[in-house]
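**Student:** My questions all concern the structure below.
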Amino acid sequence: MSQPKRIHRICQGLVRFTIRATLYGSWVLGLFPFTFDSRKRRLNRSKWLLAYGLVLNLTLMVLSMLPSTDDHNSVKVEVFERNPLVKQVEEIVEVISLITTLVTHLRTFSRSGDLVEIVNELLVLEKSHFSKLMLSECHTFNRYVIEKGLVVVLEIGSSLVIYFGVPDSKIVVYKAVCIYIVQLEVLMVVMHFHLAVIYIYRYVWTINGQLLDMASRLRRGDSVDPDRIQLLLWLYSRLLDLNDSLAAIYDIQVTLFMATLFSANIIVGHVLVICWINITRFSMLEMILLFPQALVINFWDLWQGIAFCDLAESTGKKTSMILKLFNDMENMDQETERRVAEFTYFCSHRRLKVCHLGLLDINYEMGFRMIITNILYVVFLVQFDYMNLKFKTD
């Protein structure tokens, strides 16, 4: 077996493992309150799984909010005692995290009825149409799914390293387990949305491949079926509707999650500056292993969520560009020309994009603004609290 084929098989195996791990993990954590009817190939909402998920997740949240044990962290204690602003900012971050977790669970369960209808329609479209239309393997889909699974693992690993990695700490295992299961649940819910977006991307990519194939055949002088163009238009319009419905279900959860990452990056960046200025008081383990890796992984997670949405949006833009290839075709019959014109007109009025709360278009442009703003907030905190950054010698 050649090297590229071996790598391809490994990637496919990782994709299948990531998707199945997400599915079964979501069932175990009570985040996917659906059962699968193999005979009808449909998902059905289960009241028992809904009740199980609510009880489990609310119990974990209550246990994670029991009296704080942050005094186990020697670094945090010293930073808080000598720089009260850091403690105030962290309390704000904790409030944002709590609101994010609570709203994520309540809204996910309350909108589960709408979600199951969307997933069922995607299953029908996959079985009836896209499984027959796909011309080749979508390697970008595979890469993004693998990266998303890796980021979730790294986020949990990063939190565990910070919690257990500080020397001379008093570890509270049961509280750590509750906190990081709750964190994993939020990451999994956001992962559901990103996986749905990447599936929609793959379907639009498939439509683009079909349109390119038709354009190539027309250039060779072959004929194309106008009804196939009409089918692609219908599929494209349904995908846009499903994408808008998914964004409406997950917009609050994903927006709050991004706000949590945003605020966490601010506090980690601020603490990193304090540790660097007082480098003689902290070990290299704390300087290199704990805080920088958390900052890098948080930024990667934030950027990857933006990349998922931008990929879908840019692929939708390519559809309009591909349709322009039909403009200079001289051998198109009137029916084919009319179908292409309808598709072009539709694309000129509707775009595939992920918009949260009707205000935030999630793409690279917004992502760059968020990162710049994130850095500026750290700079503002450093300037505001400049006199307290350097610890006084006792």
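Any Cβ shown, glycine's included, is placed from N, Cα and C.
Here TrEMBL flags 48-66, 149-166, 178-201, 252-277, 366-384 as transmembrane segment.
Help me picture where these features are in the structure shown.
**Tutor:** Long-range contacts of the transmembrane segment (48-66) within its own chain (CB-CB distance under 8 A, at least 6 residues past either end) are made by residues 27, 29-35, 98, 101-102, 105, 109, 112, 174-175, 178-179, 181-182, 185.
Residues 19, 22, 25-26, 29, 31-32, 57, 60-61, 63-64, 100-101, 104-105, 108, 118-119, 122, 140-141, 144-145, 148-149, 152, 155-156, 159-160, 163, 239, 242-243, 246, 250, 253-254, 257, 304-305, 308-309, 311-312, 315, 352, 354 of the same chain lie 6 or more positions beyond the ends of the transmembrane segment (178-201) yet place their CB under 8 Å from a CB of it.
Long-range Cβ contacts of the transmembrane segment (252-277) within its own chain (Cβ-Cβ under 8 Å, at least 6 residues beyond either end) map to 75, 79, 83, 86, 89-90, 92-93, 96-97, 99-100, 103-104, 107-108, 186, 189-190, 193, 286-287, 291-292, 294-295, 298-299, 301-302, 305, 356-357, 360, 370, 373-375, 377-378, 381-382, 389-390.
Sequence-distant contacts of the transmembrane segment (366-384), counting only residues of its own chain at least 6 positions beyond either end whose CB sits under 8 Å from a CB of the stretch, comprise 85, 89, 258, 262, 265-266, 269-270, 273, 299, 302-303, 306-307, 310, 360.
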